[in-house]
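Pulled from Swiss-Prot:
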- 233-263: repeat 'PPR 1' (REPEAT)
- 267-301: repeat 'PPR 2' (REPEAT)
- 302-336: repeat 'PPR 3' (REPEAT)
- 340-374: repeat 'PPR 4' (REPEAT)
- 375-409: repeat 'PPR 5' (REPEAT)
- 410-444: repeat 'PPR 6' (REPEAT)
- 445-479: repeat 'PPR 7' (REPEAT)
- 480-514: repeat 'PPR 8' (REPEAT)
- 1-55: transit peptide (TRANSIT)
Amino acid sequence: MMRRLVSYFVRSRFSLHLSTTPPQRSALFSHILSSHLDSIQINKKISSFSVHRFCSTTLLNPELEITRIEKVSEDQSLVYCNENDIRTKGSNHAVGILHEAIMANLNAYDDMEKALDESSVDLTTPVVCKILQRLQYEEKTAFRFFTWAGHQEHYSHEPIAYNEMIDILSSTKYKNKQFRIVIDMLDYMKRNNKTVVLVDVLLEILRKYCERYLTHVQKFAKRKRIRVKTQPEINAFNMLLDALCKCGLVKEGEALLRRMRHRVKPDANTFNVLFFGWCRVRDPKKAMKLLEEMIEAGHKPENFTYCAAIDTFCQAGMVDEAADLFDFMITKGSAVSAPTAKTFALMIVALAKNDKAEECFELIGRMISTGCLPDVSTYKDVIEGMCMAEKVDEAYKFLDEMSNKGYPPDIVTYNCFLRVLCENRKTDEALKLYGRMVESRCAPSVQTYNMLISMFFEMDDPDGAFNTWTEMDKRDCVQDVETYCAMINGLFDCHRAKEACFLLEEVVNKGLKLPYRVFDSFLMRLSEVGNLKAIHKVSEHMKKFYNHSMARRFALSEKRKSTKLRGK
């Protein structure tokens, strides 16, 4: 029984209820019934009518009766309402309410169960099946709803609901192998007429699952001729915990660990899975508690564990919690988990985004004092993070601070900074940064000029692009293929085809190899302006690099298109 998967593991029992008793109708049906009765217009000339029961006695009010018209006038049309109409409309209304609550709380940290409880919708098997059908491509969300529905009063899953859930878990594009464990347990119960699965049987199922599907460990051990010290079932157990955590059922996953840890010894990966689960649902207190328990158990968290958690908290805006975890990492962490420049970069960006400039620069000094030397990736992460948060002034201060401490930025750092400014079309800031590069005697590279040229064309400023081209000649920076491509594309976009054809001819004369996609786009542009001579010349040039027959056929095709366009 899948709806009690978690409680089975927690209580070491697996109860299967296949009750076929129809659920009670909700008060919603009565409301819809009243609306239907009010909408029926009865002709005053009705001569006679007979009384019939509306439906079976399973309605809330079995004494309710409805008049059934025997005779009406010829010019009157009568609207009938029956039990199927009421059931369908009521079911659709309930499905709409539940689906809206689910869609509004899709994230793992959202309390979907609370939102569903507040919807106050009485569950029926058709309603549950319709919700599962709508969530057939979101197996994690579907399983989360299925688990919630199974714990509601006055409702129990019927076989059709189990079939829907099993089909979703086994037919999605992710092919989650974890749920094959559930299939094995259901098969065991069916074949042995059991309502309880023993712990020993569960361990045997996990062991067989590991041997059948997690074969990479055994293959590695056989190839290297080593003995695997870990229990084979712990790998399958960790995968099951991971599935629960990804579905937002972290509390149930931790309860499962508490019940099973005396039979299956947890490893570091077990704690990491639950730790990431608490971070995913944004519960730092329980995450820190589990981390302390992990250390007490003799497992040393790796640096990746801390970095992933800090990054998760920072993205969620929980900077104080991330700072507490960072301090815990320094004070109680081991040498293996000591903070690196990447960890400092995450915290620096988070503090800058939350307008904590003083703490940000204090952390920079702390990074230098601990011996974490900044590298290119550190500059890149910090500058990109600050610029994306529109903290350009703080990014400049960061460069000044690092320069004062003896770590001046290089051309790669400046280019990372410049790329963010150019992508956000901040022309003044980009030119200011370029002037700063020149003043600091950091020679701009060809990538620097390429970004400036692309930015000017995006800002519809071809003169600025030509000035950048001239600046390259003054500083003896040779243009590469990307420079020519940026200039030619920009000139075509600005409807300056003559200058674009001139540069394209220069590409041919220099013997530069154009990327085939760019070559294809240039031929299309030349075809639009009707320059057949340039088409043939570029095609002949590209024969040196690409398939001759393909280039010839493409050129002839473009020639015919150009001739046809000119004829119109």
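Quick reminder: no glycine exception, Cβ is built from N, Cα and C everywhere.
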Worksheet, complete the sentence: Per the Cβ filter (under 8 Å) with a sequence gap of at least 6 from its ends, the repeat 'PPR 3' (302-336) is approached by 109, 272, 275-276, 279-280, 282, 284, 287-288, 291-292, 295, 342-343, 346-347, 349-351, 354, 356
Worksheet item: What mean pLDDT does the predicted model reach across the repeat 'PPR 8' (480-514)?
Response: 89
Worksheet item: Of the residues in the repeat 'PPR 3' (302-336), how many are helix, strand and coil by DSSP?
Response: 26 helix, 0 strand, 9 coil
Item to complete: Could you give me the DSSP helix, strand and coil counts for the repeat 'PPR 4' (340-374)?
Response: 26 helix, 0 strand, 9 coil
Item to complete: Mind tallying the repeat 'PPR 2' (267-301) by DSSP state, helix then strand then coil?
Response: 26 helix, 0 strand, 9 coil
Worksheet item: Mind checking how the repeat 'PPR 8' (480-514) divides into helix, strand and coil residues in DSSP?
Response: 27 helix, 0 strand, 8 coil
Item to complete: Please spell out the DSSP helix, strand and coil residue counts for the repeat 'PPR 5' (375-409).
Response: 26 helix, 0 strand, 9 coil
